Amino acid sequence: MLRQAAQTRCWRTPARFVSHRPAFPRSNPVSAALGGTQFRKLSVKTQTDKNTLSDKKTAEADTSSSSSSAKSAAPSQQKTQNATTAQKNLLSESTVANKEQRKADWAIMREMAKYLWPKGDWGTKLRVGTALSLLVGAKVLNVEVPFYFKSIVDSMNVDFAAVGGTAYTVAGSMIIAYGATRIGATFFQELRNAVFASVAQKAIRKVARNVFEHLLRLDLNFHLSRQTGGLTRAIDRGTKGISFLLTSMVFHVVPTALEISLVCGILTHQYGIKFAAITATTMLAYSAFTIATTAWRTKFRKQANAADNRGATVAVDSLINYEAVKYFNNEKFEVARYDKALKAYEDASIKVTTSLAFLNSGQNMIFSSALAAMMYLAADGVATGSLTVGDLVMVNQLVFQLSVPLNFLGSVYRELRQSLLDMETLFNLQKVNVNIKEKPDAKPLELKQGGQIRFENVTFGYHPERPILKNASFTIPAGQKFAIVGPSGCGKSTILRLLFRYYDVQEGRILVDGQDIRHVTIESLRKAIGVVPQDTPLFNDTIEHNIRYGRLDASDEEVRKAARRAHIHELVERLPEGYRTAVGERGMMISGGEKQRLAISRLLLKDPQLLFFDEATSALDTYTEQALMQNINSILKEKGRTSVFVAHRLRTIYDCDQILVLKDGQVAELGSHRELLDLDGIYAELWSAQETSLAQDPEYERNAGLEGETAGEVEDKAPRQ
């Protein structure tokens, strides 16, 4: 059986076949093949070095020594670790000193001021100017209301029978003016809100778009270590805080100061320094108490925000991994995790509410004391004859007129502090450094040689203490089918990530058709590369959308042609909704094999010059895999594309022009399938181990028969010479 299995004919292209040498069993073949190498799970946690070190070493890549590279990479990697730690703490809402917090708050307010008065945007400036004019008009009318009220009261303090008048003849004009003034103030205020609405919404849109755009520019490491639920919740709170901050800056802080100044001036001019002194003292005491108490309350709000982020993270994580929760019956565990986060939020929210009650009580006590003192002075003036009853009413009205902006200012300050806290995370996201950057003089990638890829003395590691690639050098010839094999954690997928510039090398350089990838534009580089990754990323949308994502301007016919080449068109057509069928969150409504074929069709639609298949057919059955690979091989041969296959199952890649064997981050072997078998090294050991395992599999005979039938069909269809 073993000899028969080893001699089974396999295909390479429709007209080319090879026979494998017999796979003789050896003692402990797996451990012998790996040479005791420990299988390691790829764990991406830290960010690689920036471009500086790589650029410095480009010219001397071939002569770089391991000792110098270790010394050079250490500071960079330490800096990267610190940056990663900062990223992890991004949503922690840690408490900072008041001085630092005020500095951060002012920075946010300065940033938001740019959206209030943007350069060159005269439409926004006109709206802000109009809103401010309406604001001033509304405040002036508000201050006039007590004057009319005083006149009405004083004019009514007569003997109507003696003068023979009516309310209209005595105070009619004042009553009309009173009503008109209040209506005018309200009209100006509402018109102001309508005029300013587009300014606030436009600012929210710009900030949210900038943050989203920046998140898409951040490196892979940030997105691998992010907390999706907490991140989205922080962004949501931050965008809501923008509207309040802009409104408070224009309509609350400035107008309240204006109204207080007007009232103090009127009281001083009309009633003397005592009234103005009480008013000024009240303002100072009220403001000082509000600021001090709110600063004390800030830590409770930060604790609540952090707990809210944790709760959102737990909820989203559990729902995304719904199947895993069900597989292991861990519903109660997930509910307990979520409840723990909710309990932390509950405790923090109780502190926020109780501290708010203390703040409101103190504010009310200060204002009520001032009101009582001013009413006493006014009543004393009426008793001595220096003031009229209308003056008493006017003082009362003016003080109450102040109560509205004062109480509003207190609540505004509280909400402003909360908005600033909510926006802090939003703006901190924009400050996260983009480590993978283009050079100012970067040029588009030009594929003049067909897409040759060359790694020269490349050293790279996600952790300083564990390099993944160590001085690796190899060339992927243009237009050839190339494979990379090796044990888990040896750097197979890392090669793709480095070529795609998810990370930059720490030593050495990577060339595509003789061009250092750090010297070309990122967009042109990534446009030339197509990838089918291990975990197929799909959007919660239709099958058609997920295929067309490879090239958004593709026609319906082009989408279906790509699906046919990926052997999924017939399956899609049998679905009730066809190409309009939704795939669900992360494609969970379709099988793993269907997801992989969708990913392949998306890649074929993109039609790049360089193609990477990272375990692209691992979820397919043998027959479907062979039929699909025949199609892919014919496309690669027809268009002369450079292709790289990363695989653990050697039967899927033995027909490649060259096979690279990685071990411990270094190139261990390189050659064709037959050359590597003749070498009798690591590849031969792996091949022997897998063939032995297949021969002992009860399903092997059936699969071998399918392979033979497929090979026979292809041979029959092959052109005869």
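Including glycine, each Cβ sits where the backbone N, Cα and C put it.
Feature annotation from Swiss-Prot assigns transit peptide to 1-17.
As annotated by Swiss-Prot, topological domain 'Mitochondrial matrix' applies to 18-127 (among others).
The domain 'ABC transmembrane type-1' feature in Swiss-Prot is assigned to 128-418.
Residues 116-117, 174-175, 177-178, 181-182, 184-186, 188-189, 191-192, 195-196, 199, 250-251, 254-255, 258-259, 262-263, 266, 390, 393-394, 397-398, 401 of the same chain lie 6+ residues outside the transmembrane segment (128-149) yet bring a C-beta within less than 8 angstroms of a C-beta in it. The transmembrane segment feature in Swiss-Prot is assigned to 128-149 (among others).
Per Swiss-Prot, the feature topological domain 'Mitochondrial intermembrane' maps to 150-172 (among others).
Positions annotated as transmembrane segment by Swiss-Prot: 173-196 (among others). Residues 127-128, 130-131, 134-135, 137-138, 141-142, 144-145, 148-149, 151-152, 155, 167, 247, 250-251 of the same chain lie 6 or more positions beyond the ends of the transmembrane segment (173-196) yet place their CB under 8 Å from a CB of it.
Within the topological domain 'Mitochondrial matrix' (197-245), the DSSP-based counts of helix, strand and coil residues read 45 helix, 0 strand, 4 coil. Under the heading topological domain 'Mitochondrial matrix', Swiss-Prot lists 197-245 (among others), citing similarity to another entry as support.
Residues or ranges marked as transmembrane segment in Swiss-Prot (evidence: sequence analysis): 246-269 (among others). A Cβ distance under 8 Å defines the sequence-distant neighbours of the transmembrane segment (246-269), meaning residues of its chain 6+ beyond its ends; these are 109, 112-113, 115-116, 128, 131-132, 135-136, 139-140, 142-143, 192, 196, 199-200, 203, 275-276, 279-280, 283, 395, 398, 401-402, 405-406, 408-409, 412, 415-416, 419.
The transmembrane segment annotation in Swiss-Prot covers 271-291 (among others).
As annotated by Swiss-Prot, topological domain 'Mitochondrial matrix' applies to 292-357 (among others). Across the topological domain 'Mitochondrial matrix' (292-357), DSSP classifies residues as 62 helix, 0 strand, 4 coil.
Residues or ranges marked as glutathione binding site in Swiss-Prot (evidence: similarity to another entry): Arg297, Thr298, Lys299, Phe300, Arg301, Asn360, Ser361, Gly362, Gln363, Gly410. Counted within 10 Å of its Cβ, the other Cβ atoms near Arg301 (glutathione binding site) come to 22, all protein chains included.
Summarising the annotation, Swiss-Prot assigns transmembrane segment to 358-376 (among others).
According to Swiss-Prot, the feature topological domain 'Mitochondrial intermembrane' maps to 377-391 (among others). Here the topological domain 'Mitochondrial intermembrane' (377-391) has long-range neighbours at 149-154, 157, 270-271, 274-275, 278, meaning same-chain residues at least 6 beyond its ends whose C-beta is under 8 angstroms from one of its own.
Among the features that Swiss-Prot reports, transmembrane segment is placed at 392-413 (among others).
Per Swiss-Prot, topological domain 'Mitochondrial matrix' is recorded for 414-721 (among others).
Residues or ranges marked as domain 'ABC transporter' in Swiss-Prot: 453-689.
The DSSP breakdown of the topological domain 'Mitochondrial intermembrane' (377-391) into helical (H, G, I), extended (E, B) and coil residues amounts to 11 helix, 0 strand, 4 coil. In the predicted model, the topological domain 'Mitochondrial matrix' (197-245) shows an average pLDDT of 76. The record assigns Tyr462, Gly486, Pro487, Ser488, Gly489, Cys490, Gly491, Lys492, Ser493, Thr494, Ile495, Leu496, Arg497 to the ATP site; their largest pairwise CA distance measures 18 Å.
Ranked by Cα separation from Gln363 (glutathione binding site), the binding-site residues Gly489, Ser493, Arg497 are led by Arg497. When the alpha carbons of Arg297 (glutathione binding site) and Tyr462 (ATP binding site) are compared, the span between them is 41 angstrom. Between the CA atoms of Ser493 (ATP binding site) and Ser361 (glutathione binding site) there is a gap of 62 Å, rounded to the nearest whole number.
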